[in-house]
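Participant: The structure that follows is given in the form of structure tokens.
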Amino acid sequence: MPKRGKKAEDVDSADEFEATEPGAKKSKKGAAKGPKEKVAEGPILYQDPPDKLTSPGGQKYTLKVTSWNVDGLRAWVKKKGLEWVREEDPDVLCLQETKCAEKLLPPEMREMPEYPHKYWACAGAKEGYSGVALLCKTEPLSITYGIGEEEHDQEGRVITAEFPSHFVVTAYVPNAGRGLVRLEYRQRWDAAFRAYLRGLDARKPLVLCGDLNVAHAEIDLKNPKGNKKSAGFTPEERQGFGELLAAGFADSFRHLYPDTPHAYTFWTYMMNARAKNVGWRLDYFLVSTRLLGALCDSKIRSQAMGSDHCPVTLYMSL
């Protein structure tokens with residue numbers, strides 16, 4: 001959670017998301033007790049189905065990408081996040097909210113021989129804020145930091161890797177903030193980021209992954225009715241995400257699993273939200289629509305611990 005006294009405009013934490021369960025109401029003092037409600041059997045947890053390793057045309061996957069908002073790289077390493085990564089063994093690993101300057105990287109990250117090509121973007125003026133990373137087994141043709149607009153390139157939010165047949169973009173999208181203090185900025189970001197992605201897509205198809213800080217539809221969070229005015233579920237943010245999809249991109253998870261409920265990637269640390277599966281789906285893989293024929297699977301690894309987000313993994317046959 002944000003520290004006491006922290007300026008509202010500096011807040012960019014997933015803890016801004018409401019953890020209240022549907023229907024939860026505070027009891028009035030002295031109110032007569034009503035009949036006891038029947039206690040539910042327990043929370044409905046998401047069960048990640050077996051991985052699909054082939055495309056609709058039967059081609060085996062050739063690219064595996066994992067994305068994870070680690071909520072502080074140094075703490076995540078101590079929580080054995082790297083051990084999970086080594087078991088998952090993606091070709092490309094994308095991390096968000098690293099909160100770590102490159103000079104302060106844990107030695108475990110610097111010394112990963114599995115990923116000889118490592119790239120880091122950090123917030124220039126704010127130590128311990130934002131930040132993304134992209135680690136590859138194969139060297140990219142080129143690496144780009146930011147989206148080419150000074151207003152949006154001060155917080156270490158985007159890295160783009162160019163490969164022969166595609167781009168991989170990892171992003172940590174700005175949170176609208178407590179009280180929606182950054183909502184107007186978020187809308188400007190959404191428009192600029194959409195234009196940037198369209199420019200890339202005009203050159204070659206892309207895979208976008210990361211914490212996009214929005215639950216697009218009501219199915220994507222536990223308590224939609226209680227969060228209509230909350231950061232991450234405002235009409236403006238949802239519209240921005242819809243406009244991104246309309247620009248030629250597809251939400252890989254919802255393309256494959258359009259009606260699957262209870263599939264979340266973030267749970268606040270408060271109120272035992274993760275154990276109750278009171279969560280939000282904020283972490284995505286978007287792909288250029290012309291890559292849908294190469295899409296094998298889009299996974300939510302909800303059992304992986306180490307952050308208030310869980311990792312997501314994409315399989316593509318390129």
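From the backbone N, Cα and C atoms, a Cβ is placed for every residue, glycine too.
TrEMBL does not curate its annotations; it predicts them automatically.
Feature table excerpt (TrEMBL):
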ACT_SITE  TYR172  active site
ACT_SITE  HIS309  active site, proton acceptor
REGION    1-58  region 'Disordered'
SITE      ASP283  site 'Important for catalytic activity'
Participant: List the residues of the same chain that sit at least 6 positions away from TYR172 (active site) in sequence and have their Cβ under 8 Å from its Cβ, in sequence order, or write 'none'.
Facilitator: ASN69, GLN96, GLU97, SER130, GLY131, VAL132, GLY156, ARG157, VAL158, GLY210, ASP211, ASN213
Participant: Within 10 Å of the Cβ of ASP283 (site 'Important for catalytic activity'), how many other Cβ atoms can you find? Include all protein chains, please.
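Facilitator: Around ASP283 (site 'Important for catalytic activity'), other Cβ atoms within 10 Å: 23.
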Participant: Do me a favour and check the Cα-Cα span between ASP283 (site 'Important for catalytic activity') and HIS309 (active site, proton acceptor); whole Å is fine.
Facilitator: 8
